[in-house]
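The following features are taken from Swiss-Prot:
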DNA_BIND  45-56  DNA-binding region
DNA_BIND  70-79  DNA-binding region
DNA_BIND  94-98  DNA-binding region
DNA_BIND  118-127  DNA-binding region
COILED    176-210  coiled coil
COMPBIAS  27-44  compositional bias 'Polar residues'
COMPBIAS  57-72  compositional bias 'Polar residues'
COMPBIAS  103-113  compositional bias 'Low complexity'
REGION    1-130  region 'Disordered'
Amino acid sequence: MAKTALTPPASGSEVPRSGTPGDASGNKPQTDATGVSATDTASQKRGRGRPPKAKSDSSQIGAVSAKASTKPSGRPKRNVAQAVPSTSVAAAVKKRGRAKRSTVTAAVVTTATGEGSRKRGRPKKDDVAAATVPAETVVAPAKRRGRKPTVEVAAQPVRRTRKSTSVAPVAANVGDLKKRTALLQKKVKEAAAKLKQAVTAIDEVQKLADGM
C-alpha cells in the first residue's frame, strides 16, 4: 500500500489555540470522551440566571389531567344543559342565611298552639295557670302577686267622703232660669201693649170711615 505523504504545515498556517485540546505534540486534537464537539459546547453556552427545571413526564401528565378536570373558563354555551343536582343532595345540604317568612310564621303558629316544641325562657304565670287548668273549668284569671294598681285603690276611699258639690250648680241653674222667664214675660207684656195700641188705632179709623 502506498503511504500518503503528510503535508507539512505552511509558514502562514494558523497556530493551534491554547483552548483546543490536543496531544503532547500539539498536532492532532484529542477526541472528546462525551462525544460532543467543541462547536456544540460553544453553542450550548450557559446563560445568566438559574437554569429552568426539567419537567418530568409525571408532572406533565398531572397537569394535563388537572386541566381536563377543571371547569372551563368563560360563559357556557347556550345549547349545553347545566348539571342539575339531585333532589336528595339538595335536600341534604342546608341553605345558609335566614329562613323565609312563611316558614318562620308556621313555626310560631305551632309553638303558640302547643303542638310544636316548648317555648324558650321562663313562662309567664298566666300561661302556667292556663296550661294546668282545662279550658272548661277556667272561671277567672289567676290572682297576681304584688301591690294592686292605683285604679282599684282609688275606687275604695279611706277618708270621710266630701259633701256633694252637685247642689250648687243646680241652684245656680234655677236662679238663671227664673231671670230668663221674668225677662221673657216683660217682653211679652211690652209686645201686647203695642198690639193693643195698634188695634185701638185701627178701630178709630174704621169708625171715621163709617161716619163719612
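The backbone N, Cα and C atoms fix where each Cβ goes, and this holds for glycine too.
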Of the residues in the DNA-binding region (94-98), how many are helix, strand and coil by DSSP?
0 helix, 0 strand, 5 coil
Secondary structure content, the DNA-binding region (45-56) (per DSSP, counts of residues):
0 helix, 0 strand, 12 coil
When DSSP states are grouped into helix, strand and coil, how many residues of the DNA-binding region (70-79) land in each?
0 helix, 0 strand, 10 coil
